[in-house]
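These features come from TrEMBL:
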type	residues	note
SIGNAL	1-33	signal peptide
DOMAIN	38-72	domain 'LRRNT'
DOMAIN	198-251	domain 'LRRCT'
REGION	258-300	region 'Disordered'
TRANSMEM	307-340	transmembrane segment
REGION	351-370	region 'Disordered'
Amino acid sequence: MPAPGSGPELRTWSAPLRRQISWLTCWIALCTAEALPACPLPCTCDGHGLQVDCSGRGLAAPPPDLPAATRTLLLLNNRLSFLPGGAFASLSGLQRLDLSNNFLDGLPRTTFGELANLTELRLRNNSLRALDPELLRPLPRLRHLDLSLNGLARLPPGLFDGLPALRSLFLRANRLQSLDRRTFEPLAGLQLLQVGDNPWECDCHLRDFKHWLEWFSYRGGRLDQLACTLPKELRGKDMRVVPMEMFDYCSQLEDQNSSAGLEVPGPPCTKASPEPPKPKPGPEPEPEPGAACPQKQRPRPASVRRAMGTVIIAGVLCGVVCIMMVVAAAYGCIYASLMAKYHRELKKRQPLMGDPEGEREDQKQVSSVA
């Protein structure tokens, strides 16, 4: 007798069940495939599409079909030379962007316009020569910025105005010669600054930035090195250890420039003569200065060596004067003590007025004479 639940009746009942389970499995797999973001063909992605790695793929432009949920995008070691405005407009949740080791020579101001959540931006080793002042304004959460190994000769004013959260800034190996203090004043939370391997000119243009560096170091900021290239007297020295007295001549130059700017320009200075002389063949002679045309004196460049010598001589003179004052004080004290001792000895030798023994001796001398 066949067991209950077996035979043709069981096969007839289980066939539709297996068919339904297979359809359900296919539907779940299809939904799962649609839920996962598609990864661009030349790149690799993690399981959820949060990190897209397109480094070293020889790309000349960013992939157009990047997942909207991307949090980290790596585009280093490619052939990118230009980024159109809004190239990352669909990646509003992007947090890390690495564009290092490419050929970027310019960035439109709208390149990062939609990346309000970006916290790390790396543009190391490109061909950037200039930056738009509005380029970084849409990145209020940016914490790390790397601009090393580019050709930046200056930083435009207002470049860092919209970066209150910036903590580290790398400007190494560029062509920077001076920096404006006002450009760095908005970076109140900056903790690490690297500016080495730049041709710094330690002159009046870098004086105000030196003041900012002192404030930056006072509140605990870290700086690698700011070694001077010019003038030759300061070559190789760190700007932070150069004394502020070396820049005293800057205020004099500013006063001269301000006073020169207030002068009313007069007519061109010419030599007084009834008729202009006829030109002669050959090189033109230089005009001789006359009474109404005084010869202007050329400003002599300030000598750092002379300034250092003046400071040393002044210190030596002050030391000599102090030593002389100490010697004079010691001599006065010794002289006063000797005079006091002399007066005490003198009082001991002289007889006191009204002494009876002295009177008896006088009387004896008078009686013997009589």
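Cβ atoms here come from the backbone N, Cα and C positions, even for glycine.
Quantities reported herein were computed from a predicted structural model and do not represent experimental measurements.
Regional average pLDDT for the domain 'LRRNT' (38-72) in the model is 90. If one looks beyond the transmembrane segment (307-340) by at least 6 residues along the same chain, the residues whose Cβ comes under 8 Å of a Cβ in the stretch are 233, 243, 245-246, 248-249.
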